[in-house]
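Marked as N-acetylmethionine by Swiss-Prot on the basis of similarity to another entry: Met1. Sequence annotations record features per position, and here Swiss-Prot assigns disulfide bond to Cys496-Cys535.
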Amino acid sequence: MISVTDIRRAFLDNECHTITKAFGYLHEDKAIALIKIGFHPTYIPKVLYNNVVEFVPEKLYLFKPRTVSPLDLISTITKLKNVDKFAAHINYHKNSILITGDKSLIVKCMPYMIISDDDIRFIREQFVGTNSIEYILSFINKESVYRMSYQFSENEIVTIINRDHFMYEPIYEHQVLDSDFLKTMLDRYGIVPINSGIIDDLCPEAIIEILMAVVRPRDAIRFLDIVNKNQLTENSVKNYIINDIRRGKIDYYIPYVEDFLEDRTEDLGIYANIFFEDAIDITKLDITKTELEHISKYMNYYTTYIDHIVNIILQNNYIDILASIIDYVQDVLTEELCIRIVCESTNPVPVTSLPIHSTLVMVMCIQMKYVDIVEFLDEIDIDTLIEKGADPITEYTFTTRWYNKHNDLITLYIKKYGFCPMMMKRLMFEYPLTKEASDHLLKTMDENRGAIMFFPRTIYTLPYLLCCNYKLIQKPIPFKEENRNIEYKKTNRVLCFDSLENAAFKSLIKIDSIPGLKTYNMKDITYEKSNDIICVRFIPQDSIHNEERRIKLQLFDIARLASYGLYYIPSRYLSLWTPVVNMIEGREYTNPQKIECLVILDLFSEEFIEYQNLGNAVSNKYELEYTISNYQAAINCLMSTLLIYLVLGSIRSISRTEDFVLSILNIFYKGLKINELLSEPVSGVCIELDKIKDRASSGDSSFIFLKKNELSKTLSLCEKVCVETILDNNQSFKSSK
């Protein structure tokens, strides 16, 4: 349990109405300790500024922009890849950032700064060369474009749009463009020419051709606004738009129809009532299912005919359509119809729209995985919800007032997330708790210290261990005396580094000292310094020609190196996947969407990061919003690596899949020096891996896309292995003390 004793004391002693207010009364040391683990209000008191600068500078965004000094800001954001949380601070200190003349820093900050014409002139003076200017300006934001008079060149526009497609909107509003350029952008990028530069080239045929390319209602409305009214009254244009409305593109033409099609209501048919009040008696029409689907969004225009529409829906068993208009048909909904809507409709309906909140309806909602089950609390007690297997604690619940209505719901939340700083921060500092609810929350947490509320299951889950453990113990790397009596041959290779402090060089030397590695591709390493360059000479290892054996031994090496505090980041295979971040934020995670490479490549020293630098390295590699701990980063590396070697290894394996999986697990444990044997069956994992193998072998792609939850069993296995790793590491450490 997160310790809230000091916060509770401050809350009671100072008669605070909010937990945020109580946080401001904490002693600086206590406050900084909580800030370090991500447990803090949206803003923190100025008195903490110096401590934050010293201990957690990446949290400077918690102060208002005027409080943060430009030097502290620049020093901090220079080291971070993701600076989204500093958006307001970056714009506030725009001039200080531009004056640095640091191109990479300016590029990083451009999306957040409101750039003026004077700023552009300054940038042009600082950076000579068209390519540099185009590159920097490509990161400009729409707010800047709306406020400046600077005219972008066509090349600059293309560069900007290549980076952010939707920047076409402010740019097209900003300046008149050549018609040929507009046509090219339409053909190449599908960008509607909403610019006065196209007006002279428009005719009815061109208007229709452009409308055929429109994919956003806003673009259609804005384009028709610039077209000459005489052309909009052409019959060919009218006929095309009427047919487009019949195809369901109603939002695209609402202003146009009201201005130009008042005399064509019969041609509009059932859709006429959306634009003109009760224009058509729809009881005289043969209404199709497609038409019902189209008008369901606009049912407020058909209230006169709601009984007629409901009769058609029920006669034809159109449950999906009934669900889409549920707020207009409350009087006809029985318990049976509510259950049918819940079970048969493609999209979930809001529980608040179901007029009957019976236990049976609730059970059906639970089975269909509804996220707003909490709304049944208006009729059903929380114990019944839990007994039936409901989880009322979801993202949706934050949008309601239920936490202030039910103390039992807060208690349930604490049982689920009381160990998780991120999730408790959301409820305590970001949700508008009443004073009474805040008091209950703090009392419950303070009176249930330790792990009392999380026994027996939660404490052995990976999310719990990620939040409650803070380190992995590393084995000391043995000293290896440098061998200077090596005879070099023509087959020797040389690597050069800029200093002895180079991270890749330090990793290389440490790797060379670790005994028992099987596949690391360098042996007989020696190095010397020459003209400020570090030259490393080595003999390449002999290749292992059996692919399956190479993969297994390589995983052994990765695990063995991890046991000595050198971790492999498999970003070449998984460029975006960080399951640990989801877990420490209390969110569900799924398998990666894509594996970038289907061949397991050789290992290189620069891919291994020392444990003490791992949090920063992983956070920057994946451009995370905040820096995760070294411990959390290590688990992310192990879980990602194991997943990759299971998936890609099984694709390359010629063994029976079950034998391969068990062998991989055994090797992984041996590499980490863990004396564990996983007792769980792996048949479900094998089924998933075989499907991936079949799909990969039937194509010739160098990568593979994965469907959501396609590897759920495999991920569960990887989680269990990580749990065993953490528990063994901590137990081994205790035993050795």
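From the backbone N, Cα and C atoms, a Cβ is placed for every residue, glycine too.
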Residues that sit under 8 angstroms from Cys496 (disulfide bond) by C-beta distance, when 6+ apart in the chain: Ile533, Ile534, Cys535, Val536
Assigned conformation of Cys535 (disulfide bond) - DSSP reduced to three states: strand
Collapsed DSSP category at Cys496 (disulfide bond): strand
Those recorded positions listed as Met1, Cys535, and which of them has the most Cβ atoms within 10 Å of its own Cβ: Met1
